[in-house]
Amino acid sequence: MSPQERIQQRRRYLMCRPDYFTVSYEINPWMNSTRATDTAKAVRQWQELHDTYLRLGHEVDLIEPIPGLDDMVYTANGGLVIDGVALGARFAVGERRGEERPFREWFAAHGFDVVEPVATQEGEGDLMLVGETILAGYGFRSQLDSHAEVADVFGREVVSLRLVDPSYYHLDTAVCVLDPVQGLGGVERANIAYLPSAFDERGQGELLERFPDAIRVPAADPASLELNAVSDGRNVVLSPPVTSLDAQLRERGYHPIHVDVSELHLGGGGIKCCTLTLRGGTS
Ligand code: ARG
């Protein structure tokens, strides 16, 4: 049986060059502030990711990096942008609060309607649009009470999922949205790949029911940020090494593309974390 032909969707992403990337504090289990980081290497790897998106025909906007904000490269946490509306982030961690304003100012300067959040929530890192629904993680960073605000701002169903494994502290470390397509016209439901063991029992049940055809990554696999990947509906950009996820994607007709962002993994973030999707608005 030949896999189904997947349709690529052209995306617009916001990225931030890691000119000031380092690990000077520890706010997730991947970070070790006593280990040296190589900023030049981080920039090279990031550039490769950036150029990969351009090669695939996507549009990439850039936000200026700010000295002292080590984690600004992880733009997914800067907000959630749907239909030209940008809900800013309110970080749970003090180390990143300095990013809130620059991101909001960038959205406003680029024609998005900015909403300042009341509740604590770390943007697309914990809030992922799948089809017309928003999957929302909580437990480590974003707070459950932010989900009602998100539902209200975007007028969409929000599915709350509790994260239970500290290594997968943001939803986008445990879920990859494979078909970020809105309005599929009922042809096929948007699908995901995910790590069931990152969720409590209720969350696992919810995901199983909603995504019967999902790719489920076994808990026994060594902890990695492979699910922190970006799909355009056809091409899935993910970090090496090549694992069984690669084969599973190919079987379903996706086209995996590997980009090494090992240096950025030292901050506890990968490809998806470095990529904020801009939906709607004028470019
Ligand atoms: N060091 C960053 C933090 O802990 C990494 C963020 C990763 N971003 C993500 N969307 N998962 O906040």
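Each Cβ is built from the backbone N, Cα and C atoms, and glycine gets one as well.
As the structure is a computational prediction, the values presented were derived from the model and not from experiment.
According to TrEMBL, the protein carries these features:
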{"type": "ACT_SITE", "residues": "His170", "note": "active site, proton donor"}
{"type": "ACT_SITE", "residues": "Cys273", "note": "active site, nucleophile"}
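Cys273 (active site, nucleophile) and His170 (active site, proton donor) have their C-alpha atoms 9 Å apart, to the nearest angstrom.
Same-chain residues at least 6 positions away in sequence with a Cβ under 8 Å from that of His170 (active site, proton donor) are, in sequence order, Asn77, Glu122, Gly125, Asp126, Gly137, Phe140, Arg141, Leu163, Cys273.
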